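Per Swiss-Prot, the features are as follows:
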BINDING   Gln413, Gly433, Thr434, Gly435, Lys436, Thr437, Gln601, Tyr638, Glu769  ATP binding site
DOMAIN    54-208  domain 'Upf1 CH-rich'
MOD_RES   Ser56  phosphoserine
MOD_RES   Ser869  phosphoserine
REGION    1-22  region 'Disordered'
Amino acid sequence: MVGSGSHTPYDISNSPSDVNVQPATQLNSTLVEDDDVDNQLFEEAQVTETGFRSPSASDNSCAYCGIDSAKCVIKCNSCKKWFCNTKNGTSSSHIVNHLVLSHHNVVSLHPDSDLGDTVLECYNCGRKNVFLLGFVSAKSEAVVVLLCRIPCAQTKNANWDTDQWQPLIEDRQLLSWVAEQPTEEEKLKARLITPSQISKLEAKWRSNKDATINDIDAPEEQEAIPPLLLRYQDAYEYQRSYGPLIKLEADYDKQLKESQALEHISVSWSLALNNRHLASFTLSTFESNELKVAIGDEMILWYSGMQHPDWEGRGYIVRLPNSFQDTFTLELKPSKTPPPTHLTTGFTAEFIWKGTSYDRMQDALKKFAIDKKSISGYLYYKILGHQVVDISFDVPLPKEFSIPNFAQLNSSQSNAVSHVLQRPLSLIQGPPGTGKTVTSATIVYHLSKIHKDRILVCAPSNVAVDHLAAKLRDLGLKVVRLTAKSREDVESSVSNLALHNLVGRGAKGELKNLLKLKDEVGELSASDTKRFVKLVRKTEAEILNKADVVCCTCVGAGDKRLDTKFRTVLIDESTQASEPECLIPIVKGAKQVILVGDHQQLGPVILERKAADAGLKQSLFERLISLGHVPIRLEVQYRMNPYLSEFPSNMFYEGSLQNGVTIEQRTVPNSKFPWPIRGIPMMFWANYGREEISANGTSFLNRIEAMNCERIITKLFRDGVKPEQIGVITPYEGQRAYILQYMQMNGSLDKDLYIKVEVASVDAFQGREKDYIILSCVRANEQQAIGFLRDPRRLNVGLTRAKYGLVILGNPRSLARNTLWNHLLIHFREKGCLVEGTLDNLQLCTVQLVRPQPRKTERPMNAQFNVESEMGDFPKFQDFDAQSMVSFSGQIGDFGNAFVDNTELSSYINNEYWNFENFKSAFSQKQNRNEIDDRNLYQEEASHLNSNFARELQREEQKHELSKDFSNLGI
């Protein structure tokens with residue numbers, strides 16, 4: 001037995017007899033997962049808590065339950081609290097629970113334990129992150145050595161059997177020879193603590209480190225958050241529903257951002273092309289994985305130490321870590337006090353939260369409610385969910401929809417263009433590789449020529465906006481790209497279209513002189529600044545007014561520089577935006593709106609769980625489908641080898657996808673890659689490695705899958721494939737980081753080749769493609785818990801990025817329990833592509849695929865699936881889209897279709913439809929108008945229905961209970 005600082009092996013001859021650790025039950029998905037905001041750390045039922053003793057803050061007892069056995073408790077070295085190694089009613093041991101929730105990772109054993117007062121650390125390098133640590137046995141029997149997973153466990157050593165490295169944490173608790181399990185008698189005396197209490201106690205400790213379980217026992221009243229509705233009586237009810245959810249999300253985002261202070265960082269200094277100082281810093285994997293950072297985020301960098309007077313500077317993030325480099329780069333704003341560039345250590349960085357995006361969403365809701373000119377009457381009532389008469393625009397259609405010297409449209413694309421040009425509201429569903437960007441660009445081109453008016457083109461992300469702006473530029477349109485001030489120094493593929501660059505290039509006279517003076521001096525006088533701002537604003541307005549198309553993000557549409565009306569708004573990737581986000585460009589005076597997206601792929605990212613559960617994670621695109629608005633689907637895919645498109649087409653698009661490329665066009669001749677079936681470039685390679693907790697304690701990795709991933713990439717390199725052609729997709733940040741590290745340490749070819757291979761999340765690959773995709777599933781445990789691999793949308797994206805070849809690495813035993821993955825495995829088996837063995841000797845996999853058990857869940861009519869926790873099975877319809885009524889994203893569609901078996905509901909729908917048929921008849925004389933945009937006209941024409949509609953809304957709410965009669969629908 002040795003102390004922590006001596007870096008000598010641990011003598012375990014007197015330790016518990018089970019030191020020869022057998023493969024243990026694997027980690028459960030109830031551990032917190034990165035990018036998984038809906039997942040809970042714990043899922044167990046509440047347990048009674050009376051009659052047990054409370055832990056004492058003055059001794060070495062568990063801060064959760066009070067167990068004080070020296071052999072069972074471990075100290076968290078960050079907060080100096082003690083925790084036991086038992087689960088006792090929770091999904092993870094108390095010490096692991098605490099480490100995960102607190103983001104701590106250094107522990108030490110009790111002085112009276114078998115191993116003594118020992119800080120657990122790596123024998124070679126001294127790293128103390130317990131989530132990184134594992135053990136290997138010495139060639140002599142009675143000694144083990146602790147090594148970190150990477151790099152030390154990857155280093156060959158004659159004295160240690162590093163191939164047998166095992167993590168110290170298995171089954172979500174420390175191995176029993178590190179910290180024993182308490183006796184049954186000790187468990188009975190301990191206080192039972194619920195997962196909910198643990199979460200509250202950890203939150204309490206952030207503000208009061210001396211808090212105990214007694215401080216959180218008092219029940220707290222929490223205001224109930226009503227779910228969003230399908231239909232709204234008026235815009236005020238709409239605003240009252242969405243406004244609180246936006247505030248919830250904003251408050252959560254603010255708390256998250258402001259908690260991300262980075263202390264004791266080392267900085268390297270350089271100069272940007274504009275002569276501004278750049279501060280670059282690298283964080284540990286643990287720290288960088290926890291950060292939620294985007295290009296353009298504002299930060300404060302400051303120094304306080306003995307070597308220089310206190311200094312503080314502000315700037316914007318201009319570069320983030322990626323597959324090719326691991327640094328964050330901050331561009332500092334000009335300041336009278338220069339930064340201490342001669343210093344590199346002792347700096348602290350803090351993020352500045354800005355609620356601009358949330359403020360603009362709230363403003364859009366208010367504008368929608370009170371400004372009748374913000375949107376046409378037709379669109380107003382459509383968004384509220386009222387049944388209004390469909391109208392069409394009497395516009396001259398082009399003889400040919402395809403544009404000369406541009407991509408030729410197929411029939412489904414031409415149909416989409418024709419439909420959109422004549423309708424005030426259109427939904428275009430673009431499955432993977434179907435050319436929705438080409439279709440969108442063609443639509444914008446024709447609308448610009450027909451109406452001779454500016455068009456506002458938006459998307460949730462800057463990448464999507466830039467991509468579409470480039471296409472529109474290629475069509476010869478005058479395109480202006482509006483970016484946030486914080487992103488003006490970030491280079492992109494369309495920087496030449498950026499408004500600030502157009503202002504600089506077109507500056508004349510006084511403005512040109514002021515720009516030159518500003519560049520030379522760095523700062524203008526107060527009077528010059530005032531004049532400069534005025535001239536810039538005037539020039540910006542002139543440029544925007546002369547544009548054919550203005551491109552910006554949805555949030556960017558709320559910029560004051562766009563304080564004008566736009567008749568036509570097109571939103572690309574609209575299914576990735578929340579509804580209030582989409583509303584920002586729409587309330588710029590829209591009379592014609594085109595939403596482009598795919599609700600079978602990834603949806604909006606909502607961090608606050610309550611807001612997500614209440615419905616904020618549903619896009620406007622999806623809700624309109626639920627209201628019966630049928631999207632136009634693009635049906636010809638040009639990306640994937642037809643063998644790769646077969647399963648996604650049948651599973652997610654009712655087999656409607658046609659192939660615009662042949663097998664020959666997507667087959668590499670003379671390839672020597674060992675595909676199981678020659679001519680079918682896909683395989684599911686069964687991997688039976690164990691999942692492990694990653695370095696940050698909140699994610700997962702799988703070493704066997706990472707090792708085989710490197711072997712596949714090396715094999716592709718030897719087959720002539722370039723690094724830029726390969727993409728590795730994994731849902732877990734822990735696996736992403738580990739694969740990058742593993743390839744650099746163990747790749748058998750030039751290390752620079754492996755650096756150029758992109759390894760990223762499913763989200764990062766949405767809308768993109770690679771010639772070859774490797775999908776690492778990671779999850780492998782006896783509980784068959786697969787986390788957010790259950791989300792069909794994530795699987796759809798992962799399966800549809802590859803053009804020439806797809807390799808899936810996963811454990812079929814764990815995945816087969818899920819209905820969707822079961823179908824996928826059966827598909828690969830039927831094709832002869834479900835294999836196991838070594839890459840050079842693949843054999844058909846003989847593992848038995850256990851039939852998944854269907855789950856029956858009762859939900860109210862308007863309820864949504866919690867994608868991460870409830871998507872175990874499909875809705876029981878004959879197809880997977882049910883005529884755009886029920887999608888895998890879990891949205892229940894039109895009542896008249898979804899519940900046709902219920903007489904009362906059918907009668908209700910029919911009566912409502914009859915009323916609106918009368919309205920339609922009365923309105924028919926106005927159907928041929930080019931545009932109906934007077935909200936008062938609709939109000940007058942529909943006044944006889946308003947009171948009926950209000951009553952029907954109330955009846956609709958009362959019918960929630962009827963959903964219990966429809967459990968046979970499986971939704």
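Using the three backbone atoms N, Cα and C, a Cβ is placed for every residue, glycine included.
Overlay of Swiss-Prot annotations on the structure.
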{"residue": "Gln413", "record": "ATP binding site", "Cβ contacts under 8 Å, 6 or more apart": "Phe401, Gly435, Val438, Thr439, Thr442, Leu634, Val636"}
{"residue": "Thr434", "record": "ATP binding site", "Cβ contacts under 8 Å, 6 or more apart": "Ser412, Leu634, Glu635, Val636, Gln637, Tyr638, Leu657"}
{"residue": "Lys436", "record": "ATP binding site", "Cβ contacts under 8 Å, 6 or more apart": "Ile428, Gly430, Asp572, Val596, Asp598, Leu634"}
{"residue": "Gln601", "record": "ATP binding site", "Cβ contacts under 8 Å, 6 or more apart": "Pro432, Thr575, Gln766, Arg793, Asn796, Val797"}
{"residue": "Glu769", "record": "ATP binding site", "Cβ contacts under 8 Å, 6 or more apart": "Gly433, Arg639, Arg801, Ala802, Lys803"}
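DSSP assigns Gln601 (ATP binding site) to coil, not to a helix or a strand.
When the Cα positions of Gln413, Gly433, Thr434, Gly435, Lys436, Thr437, Gln601, Tyr638, Glu769 are compared pair by pair, the longest gap among these ATP-binding residues is 20 Å.
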